[in-house]
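Data first, discussion second: the structure below is written as structure tokens.
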Amino acid sequence: MSLIRALHQQLIDQEISAVAVAQASLARIEAVDDRLKSFLQVTAPQAIAQAEKVDAQIAAGEPIGLLAGIPIGIKDNLCTKGIVTTCASQILRGFVPPYESTVTEKLQKAGAVMVGKTNLDEFAMGSSTENSGYQVTANPWDLTRVPGGSSGGSAAAVAADECLIALGSDTGGSIRQPASLCGVVGMKPTYGLVSRFGLVAYASSLDQIGPFARRVEDAAILLQAIAGHDSRDSTSLDVPIPDYTQALKPDLKGVKVGVIMDAFGEGLDDTVNEAVQTAIAKLRELGATIEEIHCPRFRSGIAAYYVIAPSEASANLARYDAVRYGLRAEADNLMEMYTHTRAKGFGAEVKRRIMLGTYALSAGYYDAYYLKAQKVRTLIKQDFDQAFTKVDVLVCPTAPTTAFKAGEKTDDPLSMYLSDLMTIPVNLAGLPAMSVPCGFDDNNLPIGLQLVGNVLGEEMLFRVGYAYEQATTWHDRQPDLSA
């Protein structure tokens, strides 16, 4: 059952008020977030004001949309007018955007209640949310472990029931990997389906905004609300947005599922492999035909990504110069102001990626690195195109492991980067993909199944994800934070 629909019905039947729902969400945050640290800031006054508007509409007999009165967390790299937006970086400490991002604007119009801005790896660069310039978010299933990243705050908040749904951004796996590690549904839409206007850029050709939820149907409802063309984003797709919930069916008769064989093997935990194989068997039980698919360049994605993404980041992050907003370091002249501010304001991982990108784009190395990486990107896209001539949807693990201990990989960037081995190729190809819970390991840590669709294949992903969810009970399990 959709949690959004259930709450929506209670609201319109006036069994509960939107203000009471908002207060319950805020109380939950107050009760558990000192341990979790999912939120960088809680926007209680704005949440109550929005909820009061929804209650007034209901009292006046006006119709309300499905998201009206629903508590939502917003990743803190999405601009919110009049509300501090930091990207979890000291360089943007205290920055208040003068405008609203397209997605948050749409959510406001839909009546959704933003309860706060969620933590992330600084500028969305990381796989554990340990790179935040402010705090480290814990995994609700085991507070000594990471929630994944970079959208770890959003994933943890939804898993811990601090909010019903949340928004994240996904550049190389930043929605799907934390969704897997926190046991929730996370979706990265087709590149261009959701406007990036107001999303603070990391790698512009890869970034995409998407939903977190505890049910597939709720993710579909949230995507429905934020998708659509926007003239303020030149990469926005001008395509009709279907009603994604119409695609939800309890069986998979006639659906062809391809298993990405290249995702299995070295680096994959045995428990993750077992859970995913069991999930694939369940898809077959539901009526799908299963076929082995080879994407020969699948594992080359990570090498190409760590040239392309830092290159774009080095250009995008050049704008933080301390002139108009954010941190400004003391200096005797302009050049010193730039260098001192950036040295002080950016964290180690952001500096690492800026340097990598600047190097890859430099004269004499551009052809050897950046151009070659773009060629590999094209080949990866061709592999996926070839696969989708045979099947409707592809499956593989979302992440090679379950949640690792905080601090375990901070001194080993390469090991950390491998957390996104399965998710990165999808971003390089601009495809939609979703992680759905498919099991737990021996430590009671969640495992995610990644579903990959063709361009604009969101309906098929929701269909497969929903059918699998209906046939299993993984989504019913919740972390115990009562201690």
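Cβ atoms here come from the backbone N, Cα and C positions, even for glycine.
Since this is a predicted model, take the numbers as computed values, not measurements.
Lifted from Swiss-Prot, the feature list:
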ACT_SITE  K75  active site, charge relay system
ACT_SITE  S150  active site, charge relay system
ACT_SITE  S174  active site, acyl-ester intermediate
Cβ neighbour count (within 10 Å, all chains shown) around S174 (active site, acyl-ester intermediate): 37
Where S150 (active site, charge relay system) sits in the secondary structure, as DSSP reduces it to three classes: coil
Mapped DSSP class for S174 (active site, acyl-ester intermediate), helix or strand or coil: coil
